[in-house]
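These notes concern the structure reproduced below.
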């Protein structure tokens, strides 16, 4: 018991190492840009002020989105997806796998669940004891089921899913902007130091290294951001891109693709002025997502009265449970 607790503590400590590395690089870049470049190298006061103002806007937005990506808790299924005491007893006492599957099917009829396991059975998490909502997956690192799970990102030490996917996308976007701005404003002084136009000193090392680091991070972020933009346009998660969600009629990689505009609105919301602000504006509650095929929806009678289910799920402690998780 003590050994497993010690291992968990070590795992927790090591999981923060990537975040500390990113934080250290960003803090160094702040010192190198603000002090070594703007205060000690640039002589033109107007240029210095403009550079510092724009830099701090990019820096604040980068830090804000990174903070939200790290510390926004993953959204988890509400209590309606947990087995009741009687259903749990009935499920655990039943030894026949087929009978257990039938019990889960009966419970799932009361919920907006349309995806299935590869075997065609209702997706059920034995560790969390919940019927998995569509696009929900269990994260072995966070040790919980995460709504619309995309992936577990070590660089933010958090699961990227329904509650923080927008923040993660903005983090990538503002990281690229931060790198591009640094590289574009440092470039002329990088050349001056490189050809020996400016005298050698501590600033030379910082500015040369700042240019290389900014370009290196920009290239890697560009590919990652482009991939996630493609995922948003197709309304897929990273997990769904590798393994297509399975419906009653079989696997369908485009099962949740309802058009680029509506796909974007699901993540960013209807108010375009809030799209670039790291505040949650996504649609829905993470338990139900519109389907591309209306025929798929007809398999569950609840979709004919979806508003009723949402009103019921907002009652009592279930609303608080969802509100805290999102």
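Our numbering is plain: 1 for the first residue shown, then up by one each step along the chain.
Just so you know, glycine gets a Cβ as well, placed from its N, Cα and C.
Segment annotation: TrEMBL labels transmembrane segment over residues 167-191 (candidates 117-141, 142-166, 167-191). Per TrEMBL, the range carrying the annotation transmembrane segment out of 203-227, 228-252 is 203-227. Counted as Cβ pairs under 8 Å, contacts with the transmembrane segment (12-33) are highest for 203-227 among 49-67, 167-191, 203-227.
In the predicted model, the domain 'Palmitoyltransferase DHHC' (122-242) has a mean pLDDT of 94.
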